[in-house]
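Student: So Swiss-Prot lists these for the protein:
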BINDING   12, 13, 14, 20, 21, 152, 153, 154, 202, 211, 212, 213, 214, 215  ATP binding site
BINDING   140  L-tryptophan binding site
MOTIF     13-21  motif ''HIGH' region'
MOTIF     211-215  motif ''KMSKS' region'
């Protein structure tokens, strides 16, 4: 019996969502809901794996969780057709993560490059949660026996670990799984990356060699999803460029990071190729191109900012969406945990 095709997407509530988050992830989340059964999770348990100085404390975490939810809804995700919830409301995430902690090997986690990057040189003071982050991510995905996960370059290694954990669980408990009569001895699927086409990598508006980031000291380096129309237009017009005209061919963007970034943003927002954009603007000055880009950004993003502002002003409404979504998520998760506990040999309440 094949697994039900299901896509699991998670976003950390780290605050200050920006254009990079929108074009790199949220746009694709909106597109895939038209063709797939989707679960959208605000992964607030992952958010606290680093120090409180990073995630901001309880008040900030709650505010950021609601802001991510508002961004989902304002961008077009339908919480009635698909599941939108926050991770901490479903205890199965933590329960399954513990089982997976006993399946995963230390050597597997020791090879995870993101831990090394986030912990830096002071690894002895990093939290166990940060080291164990990939195991919780595997539990997030497999709790819903999701078959596909949209991942960026920085998460591909973690998805591979999820597959390894699923495979080892299936092997370690094969006899018990077969006794349950489940999928020819396979309880968990091996989740595949969800491919939506080339991802848009959005760079800083002040330095085209660096990713757009919420942690950049300059607010002019990014377009926040909460920026109003005037602020968006002003940031685009102040964006760093070089003195040369725009090239007429895509190859001419090489070694011109700021030009490449702005053309890429235009292409992504207009759903066109860079070559197509350059056919319209190649050979011209940046001033006229920036005016067109500012207008496009305002057209696409200002309505999202307005709707986010409206939603965030009513936290009770957002909480109701998360509560309803968590009830639907829990119905799936509870069935997975019931069977997982039976397979492992845990005695559970009946």
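Please read every residue number as a count from 1 along the shown chain.
Cβ coordinates are placed from backbone N, Cα and C, and glycine is handled just like the others.
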Student: Restricting to the chain of residue 212 (ATP binding site) and a gap of 6 or more, list residues whose Cβ falls under 8 Å of its Cβ, or answer none.
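Tutor: Sequence-distant Cβ neighbours: 18, 19, 20, 202, 203, 204, 205, 221, 222, 223.
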Student: To the nearest whole angstrom, state the Cα distance for the pair the residue listed as 'L-tryptophan binding site' and residue 21 (ATP binding site).
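Tutor: About 20 Å separate the Cα atoms of these two residues.
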Student: May I ask which residues of the same chain, at least 6 positions away in sequence, place their Cβ under 8 angstroms from the Cβ of residue 214 (ATP binding site)?
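Tutor: Within the chain, residue 214 (ATP binding site) has Cβ neighbours under 8 Å at 14, 15, 16, 17, 18, 222.
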Student: For residue 12 (ATP binding site), name the DSSP secondary structure in the helix/strand/coil scheme.
Tutor: coil
Student: For the motif ''KMSKS' region' (211-215), what does DSSP give as the number of helix, strand and coil residues?
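Tutor: Counting residues per DSSP class in the motif ''KMSKS' region' (211-215), I get 0 helix, 1 strand, 4 coil.
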Student: For a quick check of packing: other C-beta atoms within 10 Å of the C-beta of residue 21 (ATP binding site), how many?
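Tutor: Counting Cβ neighbours of residue 21 (ATP binding site) within 10 Å gives 22.
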Student: Three-state secondary structure of residue 202 (ATP binding site) from DSSP?
Tutor: coil
Student: How many other Cβ atoms sit within 10 Å of the Cβ of residue 14 (ATP binding site)?
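Tutor: Excluding its own Cβ, residue 14 (ATP binding site) sees 20 Cβ atoms within 10 Å.
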Student: Considering every residue in the motif ''KMSKS' region' (211-215), what is the mean pLDDT value?
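Tutor: Its mean pLDDT is 88.
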Student: Have a look at the binding-site residues (12, 140, 202) and report the one with the fewest Cβ neighbours inside 10 Å.
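Tutor: Looking at the binding-site residues 12, 140, 202, the Cβ with the fewest others within 10 Å is that of 12.
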